[in-house]
Amino acid sequence: MPTTTTGPPGAEVRQDATVAARAVDVWKVYGSGEAQVAALRGVSVDLGRGQFTAIMGPSGSGKSTLMHCLAGLDTVTRGEVYIGDMLVTGLGDAKLTRLRRDQVGFIFQQFNLLPTLTAQENILLPLSIAGRKPDRDWFAQVIETVGLGDRLSHRPSQLSGGQQQRVACARALVARPDVIFADEPTGNLDSRSGAEVLGFLRRSVRDYCQTIVMVTHDPNAASYADRVVFLADGQVRAELYAPTADAVLNTMRRLDTDPVDTSQTVRA
Amino acid sequence: MLLATLKSLRSRKLRLILSGMAVVLGVMFVSGAFVLTSTLAASFDNLSASVYSGTDVAVSGKAPVAGGEPDENSATVPAELVGNVRAIPGVEKATGVVSVSGARVIGSNGKVVTTSGPSRLGTSWSGTADLRQLRAGRAPRAADEIAVNASLAAAAGVEVGDRVGVLTLQPKKTFALVGIFGYSGNRDTIGGAQEVSFIEPVAQELMLGKTGVYSAIVVKAAPGVAPEVLRDRLSATLGDTYDVKTGKQLQDAAAESFREALSFFNNVLLGFAGVALFVGTFLILNTFSILVAQRVEELALMRAIGASRWQMIGSVLVEALAIGVVASVLGLGAGIGVGALLAYVFRHVGNADLPVESIEIPASAVISAFAVGTLVTLVAALLPALRAARIPPVAALREVAAPDRPLTRLTVAGALITAIGVTALGIGLTGQGGEATLLLLLGGVLVTFTGIALLTPMIARPIVSVLGLLFSWSVPGRLGRLNSARNPQRTAITAAALMVGLALITGVHVVLESATASFTKMVDTRVKADLIIAGEPGGDSMPTFDPAVLDRARQIGGVREIVGEYGDIAMINGRPSRVNVVTDLAAMTRMLPLRTIEGTLATLPADHVVVDAERATELGLRAGSTLQVRLARGDVRTMTVAGIYADDDVYRVGGWILPAEAVHDFRVAQPSFGYLRLAEGANAAEIRKQIDALLADSPEVTVGDRSAFIAQQSSQFDTILAMIQLLLALAILIAVLGIVNTLALSVLERTRELGLLRAIGLRRAQAMRMITVEAVVISVFGALLGLAVGSGLGAAVVRALKEEGFTEVALPWEQMGTYLILAVIVGAFAATLPAIRAARVNVLNAIAHE
Ligand SMILES: Nc1ncnc2c1ncn2[C@@H]1O[C@H](COP(=O)(O)OP(=O)(O)OP(=O)(O)O)[C@@H](O)[C@H]1O
Ligand SMILES: [Mg+2]
């Protein structure tokens, strides 16, 4: 295996309380026979608690697949996935549903909200489904942070894309999940709305110690993260800590020109 | 373009199959009806050909009273005529026969063997030569001996050697059963008919009222003489006092009346077909609307790359045509199966013993199957096709969150169409439609339904929201409620399918319930009799009882007065009219109060009549006027109007009342009803028991108080209700299809939404509950609409029939409640498949865009 992954010092310790999600030698193979595609080939990665991690890589490199596997949305072909210290691999649908309900939050690129519900109802939906009472103060604080106070009774069709995405963020945050997974959350937004959403994600990591994993194509978006993990051909190829947009861009270029031997950890 | 259409058709097989199912059902009933009737008719033709094979020509009497009831019973030929006929050249053989319906056998259980239509014949035994074949025992030789056909023996549970009671023109007589016979071809019955064979004089006495007469003379032509020639010769010789017909003519007439009897089945099946197709139209319309809505982007893309509007319309209609053709083929196949199955049932269960030799598939079945199937589908797809054509090409480029179409236009159209339908109904119901009344009524109902279906989207949102509140305590329930209200048109049309069926059933139910209520009220307020002797209405002959019972009952202590009522058809001034005889008019007016308008009702001397005001006005009669009356067995007599009574008093002794001695000239000189008034403080239960004992030999009637009488007389509604329940089952089946279809399409359409919900933690069971709530809300909405519309229609019919005695409007609350509960069950049932589908939505596929 040409790739090694090195986390920050201390991350090697299993069951570490500071790890929110972990992939251990994860393989994901689609199809069979001739049409076989190995979307992930032995990915191992630890995602620190209270960290904002960005996953980058060329199209088709397995970013979404990795995220789906980490979030328990998809099963892995080989290897193990943990959320906190819970082994996700092999869980049944009922347990997975509960995991998603209680420990994981999602933000998608598009189609994030139920069109029949108001913004507020959408935000509180995971709690309603779980039959939990929302924490009033926390709810108010989240609304305050996303700046949606005057839009709560609107339906998604009456909100702009950026506002919709902020509602989705608030929904993910309000249940205080262990990890929030976001797949290209700004992919559909203009740069200003995108910046708003990213800033909000950044703040929730810093202020509320929320763990966020975000897939993105945008070096700018990645620069909001604490750490960037680069994938190519289903393998982790590089990592950056405290990245700047330029450093991200550079790494990406290097991966493009020299796809095989760039395994390294870079500290910006 | 066509290729693209067919390809997209293939990719949506399941949805189209579901929507096509309703058309398949409709076509099935249409072609099934044609197959059944022509199969049975062909079999019957074979049968009657063999029945009349020995008859070249038949001579029968002309009935003195024509029209109304079957007139054969009173038409006779004198025995001397047989000799005259024999003497005519070309006649090889002439035999006098008695064969008249009205011989009712009392089975081993003490009950009269009933019939569902075929005659209960009393005949003279004329040997086993041609048709009859003895199976057991021997021919009847003495006056107290009979033979019966095998199917009758089986139905009555009797064997050779038993003593068997038979009701005829005379009260019960008991005979020794000496023989059981079948017919050539090893048949147990001819078309389901029951036959009791007496020796000739007994048959004449009991079936024709006197000896020395026959009901017909069967003539066999000498070799070389054509039946037609012989017929003409006979009628020239005998004059026009007699009817002379060839065997072929008789055979055709029998086939004709058989076809008429079958037309009932035919109409029932066609009615089912109508309901299925009408409701199916909604289903298809809905399916195509949803499909078009879901394919907005695809269709817009086609427009963007140059497809014309006509091509869009064409592409939708081609799909519809394909479905219509496939549904027609399937429906035709199923219809042939159903027709064959029913023919089989008819033969074996209905005891008709019709030899069904082959299944006839008439061209009409095939043609109607395709015409109906494709036409209905095309018509239903027209609106969605037009909608598809209106999709702008830009819809492909931007994501349009299909805006709520304003419902005003639809609502206005709905109101207009409803108004037209209601007007047509009104004209039909008030009887101003003349010839077109039936058409007006049917069309009115259909148009009204369509109009209301168009109106429903407007009320769907508020009502569905309110209904959904019942389920809002849980998150899935609330989501389901929101989903059912989010597309009012779709919800409304889905609900409309259920509405149509339930409205029809509720409407009929309201009419029947009102009839019972009106009848009850009338009996309660008008009839002063304490006990009533009566039989169940319906059947081929009016139930009657021994007149001696009247005299004996009068002797019972505590009976103050008793009146017997006889009924028949007579010719009055040359027109067939229903006439009654009451044994004691004065007593009758006390028990069924009649108000005298003219003359007197106190006494009714011989050759006098009493009549109600309406008929009197119609014929311009006053007290003292005379009229020509011809009873079934007598000559024309001149009678005088003794009194006229108010017609609003009519309870059921409507019309003409004749004096007691007229009974002797009635076809059946036995009363059908008896009314008793008891003395103060008499023990009604005890008296009833004694009268019961007197009626032991008259098993067709029972004695009871007013409420028992009401229950008995309304029992005829049970058959109608049974039919209606069948209709209900069908309508519900189609409604279930509709709900399944709509929900399945909605689930498909909301796959991503479901995926999102599942991603954020909705459990499978919760997802299923969400769909179930949506289905239940839709079906309850449909049921409520159906109940409301049905009640309205029923009440309108009842109001329109006020003149006919429908004084009360009564709603069948209990049944309506049952239907509502049924709707809940139906909704939950219909939700199963879509719900399972929703629960199986793959979270990953659903959220991974494109
Ligand atoms: N359901 C599937 N069946 C077969 N192959 C799949 C499936 N899903 C993904 N793949 C393949 O797996 C590989 C990784 O896909 P993935 O969606 O993870 O890429 P990605 O990095 O998210 O790309 P993008 O940046 O374009 O979103 C691709 O080669 C893709 O073709
Ligand atoms: Mg992706």
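Yeah, the Cβs are placed from backbone N, Cα and C, and that goes for glycine too.
Straight from TrEMBL, the features:
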DOMAIN    B:21-235  domain 'MacB-like periplasmic core'
DOMAIN    B:272-393  domain 'ABC3 transporter permease C-terminal'
DOMAIN    B:491-693  domain 'MacB-like periplasmic core'
DOMAIN    B:727-842  domain 'ABC3 transporter permease C-terminal'
TRANSMEM  B:16-36  transmembrane segment
TRANSMEM  B:268-292  transmembrane segment
TRANSMEM  B:313-346  transmembrane segment
TRANSMEM  B:366-386  transmembrane segment
TRANSMEM  B:407-427  transmembrane segment
TRANSMEM  B:439-471  transmembrane segment
TRANSMEM  B:492-512  transmembrane segment
TRANSMEM  B:720-748  transmembrane segment
TRANSMEM  B:769-796  transmembrane segment
TRANSMEM  B:816-836  transmembrane segment
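Contact between the transmembrane segment (B:366-386) and the transmembrane segment (B:16-36) is supported by 3 or more Cβ pairs under 8 Å, counting only residues 6 or more apart in sequence. For the transmembrane segment (B:268-292), the residues of the chain that approach it from at least six positions outside its boundaries are 12, 15-16, 18-20, 22-23, 25-30, 32-33, 36, 299, 316, 319-320, 323, 372, 376-377, 379-381, 383-385, 387-388, 391, 446, 449, 453, 489-490, 493-494, 496-497, 500-501, 504, 723, 726-727, 730-731, 734-735, 737-738, 741-742, 745-746, 749, judged by C-beta separation under 8 angstroms.
Within the chain, the transmembrane segment (B:769-796) has long-range Cβ neighbours (under 8 A, six or more residues past its boundaries) at 425-426, 429, 445, 448-449, 452, 456, 460, 463-464, 467-468, 471, 474, 476-477, 479-481, 483-484, 491, 494-511, 514, 735, 739, 742-743, 746-747, 762, 809, 811, 816, 819-820, 822-824, 826-828, 830-831, 834-835, 838. For the domain 'ABC3 transporter permease C-terminal' (B:727-842), the DSSP-based tally of helix, strand and coil residues reads 100 helix, 0 strand, 16 coil. Counting Cβ pairs under 8 Å to the transmembrane segment (B:492-512), the stretch among B:313-346, B:407-427, B:439-471, B:720-748 with the most such contacts is B:720-748.
Per-residue pLDDT, averaged across the domain 'MacB-like periplasmic core' (B:21-235), gives 83. The stretch in closest packing with the transmembrane segment (B:16-36), judged by the count of Cβ pairs under 8 Å and taken from B:313-346, B:407-427, B:439-471, B:720-748, is B:313-346.
Each residue of the domain 'ABC3 transporter permease C-terminal' (B:272-393) gets a DSSP state, and the totals for helix, strand and coil are 100 helix, 0 strand, 22 coil.
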